[in-house]
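Swiss-Prot has this to say about the protein:
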type	residues	note
BINDING	Phe8, Ser9, Gly10, Gly11, Gln12, Asp13, Ser14, Thr15, Thr16, Cys17, Leu18	ATP binding site
BINDING	Cys189, Cys198, Cys201, Cys204	Zn(2+) binding site
Amino acid sequence: MKRAVVVFSGGQDSTTCLIQALQQYDEVHCITFDYGQRHRAEIDVARELAIQLGAKAHKVLDVGMLNELAVSSLTRDNIPVPSYSEEGEDSIPSTFVPGRNILFLTLAAIYAYQVQAQAVITGVCETDFSGYPDCRDEFVKALNHAIDLGIGRDIAFITPLMWLDKAETWALADYYQQLDRIRHDTLTCYNGIQGDGCGQCAACHLRAKGLEFYLANKPKVILSLKQKTGLV
């Protein structure tokens, strides 16, 4: 039986990954992390979506120690979330949570070991991202190798969105006839607003810009998606 664990935040990217995984695996488990994040409403959104979409199980882990160690505008109320216009192109933004994906992927791999899953799926992306170093393909592959050595089992880290831009990610949701669900029911906003979000933070800006481009250029974006992914 093919099993996978999806690192699931209830946002656009991880929900799109879950939708695809449910088509590709016999059994899909979700794992969500509560680290005292500013946009903590995402946890309830993730719970509801996991039920609606039909995940086999959904585990929510308390990793509050990350909040204690990692100083970020997503973990500290006294550090404001910058608007997309305030973020510098060449610097790591204040929304970066140091060590987050190191911890999340490690714990997801342990969970995968427990449920005998062959894959851990994460929605990180290097094409359209906010400059987070732990979203890079190089990082994911390096950590995957280290974890395989450390647990003595091959668990593949799968990154379906790694080389897709946001418009292509919208196209992928549309391919599975889930664009409206992704738009209205997910929570990507750093300020914790479901759907189209606050419209001001970098996450909302990237998401809205991608949707606008996709809706205006559907045939072109769908063709690009199929060329990159092999979907027919």
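Here the Cβ of each residue, glycine as well, is placed from N, Cα and C on the backbone.
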### Around the Cβ of Gly10 (ATP binding site), the count of other Cβ atoms that are within 10 Å
25
### Message
Cβ within 8 angstroms of the Cβ centroid of Phe8, Ser9, Gly10, Gly11, Gln12, Asp13, Ser14, Thr15, Thr16, Cys17, Leu18: which residues besides those meet this for the ATP site?
### Response
Val6, Ala46, Leu49, Gly123, Thr186
### Message
Using the Cβ center of Cys189, Cys198, Cys201, Cys204 as the Zn(2+) site position, which other residues in that chain lie within 8 Å, going by their Cβ?
### Response
Val81, Thr188, Tyr190, Asn191, Ile193, Gly197, Gly199, Gln200, Ala202, Ala203, His205
### Task
Within 10 Å of each Cβ, count the other Cβ atoms, then let me know which of the binding-site residues Leu18, Cys189, Cys198, Cys201, Cys204 comes out lowest.
Cys198
### Message
What does the structure give for the C-alpha distance between Cys204 (Zn(2+) binding site) and Gln12 (ATP binding site)? Integer Å is fine.
### Response
10
### Message
List every residue in the same chain as Thr16 (ATP binding site), at least 6 positions away in sequence, whose Cβ is under 8 Å from its Cβ.
### Response
Gly123, Pro160, Leu161, Thr169, Leu172, Ala173, Gln178, Ile182
### Message
Just to verify a number: CA distance, Gln12 (ATP binding site) to Cys189 (Zn(2+) binding site), in angstrom, no decimals.
### Response
10
